[in-house]
Amino acid sequence: MAPRVPGLLLLLSLPFFLASFALAFNVSTIGFDEGYTPLFGDGNLVRSSDGKSVRLLLDRYTGSGFISSDYYNHGFFSASIKLPSDYTAGIVVAFYTSNGDIFEKTHDELDFEFLGNIRGKKWRLQTNLYGNGSTSRGREERYTLWFDPSEEFHRYSILWTEKNIIFYVDEVPIREIVRNEAMGSDYPSKPMSLYATIWDGSAWATAGGRYKVDYDYAPFVSEFHDLTLRGCRVDPIQQRLAGDCNDETAELSAADYAVITPERRMAMRKFRQQYMTYSYCYDTLRYPVPPPECVVLPSEQRRFKDTGRVIKFSGGHHNHHHRRHSKKTRTRSAAKVAGDSAM
Ligand SMILES: *[C@@H]1O[C@H](CO)[C@@H](O)[C@H](O)[C@H]1NC(C)=O
Ligand SMILES: *[C@@H]1O[C@H](CO)[C@@H](O)[C@H](O)[C@H]1NC(C)=O
């Protein structure tokens, strides 16, 4: 009996521990028209009456999206987002930075992509980055979350500086990419705009395309508020004098979110231990030599197959947990593994 207790405690306490980071950063928010413009699916983009938030809808005719009105040379891009609920298979909600509209062959990109699921199964979150058109070198990581992202608003943020990139969920840093020289131009370096979109990803989003969008459940509604854009606004084509961005760069590096405190680092480690389901760094079939920014931790690597996918039922507390449950639960868990391995 005794050995079960710490495991069970950990299992129960981790979501609470991570939830304690739900406080928003101390950032100023802007109205939709102060920083963004509609991108596509105009009729499916619905502003709130106070202009502070926006809903993006997907129906059988179109998805929708918006874009920041300016390009930013480094920045902090953030919003509180609530995802569609119920049956969301095949749906993709993306919150990302890119400059693909002006640099077709050499674009940079930083992604949050939310992948819908069949009823009763969790949304999955993917992060990724590209630099200077490195589209043949995907750097995907995939996770589940410690909460249901369709139930309430959570803040999702991308910090991009010259030195590092941090993806945040609330105040938990879930991924950090520290720039190193060997990455070369794979590290995003040209000004980017912020995009938010909802679209039909039936071909791949859920179990590799096995489950499509079911428009009987449309419209699918995602909501964005607490809109935040920080950084140096620039014209990406025009040459700028070195030093033009000094003030904004200083502001970024002085901000709360620029620092991964020891407490946040612990939260990041725990999140990744418990919720990361795929990492390109451990996908040795795809990358026999991990890309240069990868920090390969043997303790972490043990949990992943050579496909980069997590091995389920490996954690001690998982075993205790499952042993306590009926055969029915185990069957359902097995189905989850099958679903995950097809995603
Ligand atoms: C939040 O930031 C503003 C100015 O940027 C500052 O005046 C205020 O004291 C900050 N609040 C907290 C709780 O740190
Ligand atoms: C980006 O890619 C283009 C085309 O492949 C190349 O000419 C250019 O030198 C690259 N830029 C950097 C900064 O490496």
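Using N, Cα and C of the backbone, Cβ positions are placed for all residues, glycine too.
Here TrEMBL flags 1-224 as domain 'GH16'.
According to TrEMBL, the signal peptide annotation covers 1-24.
The active site, nucleophile annotation in TrEMBL covers E109. Around the Cβ of E109 (active site, nucleophile), the same chain contributes Y96, T97, S98, N99, G100, N128, L129, Y130, P188, M192, each under 8 angstroms and 6 or more positions distant in sequence. DSSP classifies E109 (active site, nucleophile) as strand under the three-state reduction.
What TrEMBL lists as active site, proton donor is E113.
TrEMBL lists 312-343 with the feature region 'Disordered'.
Residues annotated as compositional bias 'Basic residues' in TrEMBL: 315-333.
Note on the domain 'GH16' (1-224): its mean pLDDT in the predicted model is 93.
Spatially close to E113 (active site, proton donor) yet at least six residues away along the chain are V92, V93, A94, Y96, L125, Q126, T127, N128, judged by Cβ distances under 8 angstroms.
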